[in-house]
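Database features, via TrEMBL:
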type	residues	note
REGION	1-134	region 'Disordered'
COMPBIAS	49-70	compositional bias 'Polar residues'
COMPBIAS	113-125	compositional bias 'Basic and acidic residues'
ACT_SITE	250	active site, nucleophile
BINDING	252, 483	substrate binding site
ACT_SITE	481	active site, proton donor/acceptor
SITE	506	site 'Interaction with DNA'
């Protein structure tokens, strides 16, 4: 069967018609088995795309000019670090989405010589099918880095970039280093973990400090995660309650308790090597929050954005005894310096005033209360909304079902003006060409799990799509796992607001209205922070057009991760879809993507 659209043609084998309902993300599919003798930490739990990407990493198919792509399986030793993929947000299965398990990409070595494509000098060799490349000695910080203390928004370091593009960016090893505090204990909230790798990221002096893992895994996936943790007695676990089908624990947050105080980091990276290697990620790092004086009132240490209250409310939503001591610790610290708003999702069905506590209605409420209409009488309709993400759920048969029906209304809210603007909406999602020419090549697409089954039902969505281009941050070829949403001026010099979050473009992440708009249902845990100019005594945020290398001089320019204005898909561009073949052109490492 084939599917034609404005953005090329997709071809799917007939076996794709024999679909089976996927289990919730975070569980193993029946046909996915851990390879014999493979370390537990190298087997990815989670979505079908995640599991297949583990195999993809080790045995790539080389491009060849002959018509056949068959061949014997290439036998290569595992390096024990075979995480290829981040998180999937294909969790709108409750609407009946079905996905075949017969098309997992299997990788083999073909007969004949491989043809190598031209590779730009800025792209280092890929780790896929081989060992990861060790970062140079000066990759990690040895003295306090030059950071933007105005916004406290940072990108991750990317292996293989020019050094200037990592100046002012952070690796997980930098975050956990003694430069930021003398660590006593931490909590790691995330979707996907490689615990042995995670433990190695702590400096030796903190490597045995207690760590609490907050996860959403169940059944076999939970058993594998607990098995990963067995060699590490200082690692404990807390399972997040997922009471609504097809929800995930997608929040990514670190709570770090130091001798000197307390810090919160809200980020977009899973705790696996691949997410901190050659992908674009983002994070908000809080200031170091000092301990309140003994005898302080319960309301002490609150910020103008009520961040402390909202963080405590979010942690309480887990209903987990393991988090009680952390809730108490936060109460004992001064969070008053915080200038961002917390935007969280937590599973449930909410009515009345509770509808505005979570999901996109929480974002709508904040934009209504804390942003201002476009100044100087300029038409708000000219300020486009931009959404950028790494995964896409089911939107419905047309845009009115959810995207334009409710989510777009949230994104276009700007202050208390009664005038309803209808600005352009630009959605950034990598094209096939973006993935093919990336640092990782086609395996980067394992972290972009948009399935053909979902895409075929919403071809209308693809007219919104724009390419991933990030020259200003040096990350055009580092595929995005970051998720950002923002409102931008027509000349791309100002921001009305900016959000960095774990939430992809899906109803499960953001919530969907039910019962004639009297109830909102949210499936997943998500977390992000919202920047509004009023919290920084500004009318708009100026955009920093050259954020790297970081400068020691203070700047009010906001470091948007990608280029503005965004570039629309051409008529021949196709959105990356992970579970169909791409064998016409090789990627930057001479490989093709061949589902079996």
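Yeah, the Cβs are placed from backbone N, Cα and C, and that goes for glycine too.
What TrEMBL says about a protein is an automatic prediction, not a curated fact.
Looking at residue 252 (substrate binding site) and residue 481 (active site, proton donor/acceptor), their Cα atoms lie 12 Å from each other. Applying an 8 A CB threshold to same-chain residues 6+ apart, the list for residue 483 (substrate binding site) reads 268, 388, 389, 390, 500, 501, 502, 503, 504, 528. Ranked by how many other Cβ atoms sit within 10 Å of their Cβ, the active-site residues 250, 481 place 481 at the bottom. Every protein chain shown contributes to the tally, and the Cβ of residue 252 (substrate binding site) ends up with 28 other Cβ atoms within 10 Å.
Across the structure, residue 250 (active site, nucleophile) and residue 481 (active site, proton donor/acceptor) are spaced 13 Å apart at their Cα atoms. Cβ-based neighbour count (10 Å, all protein chains) for residue 506 (site 'Interaction with DNA') stands at 27.
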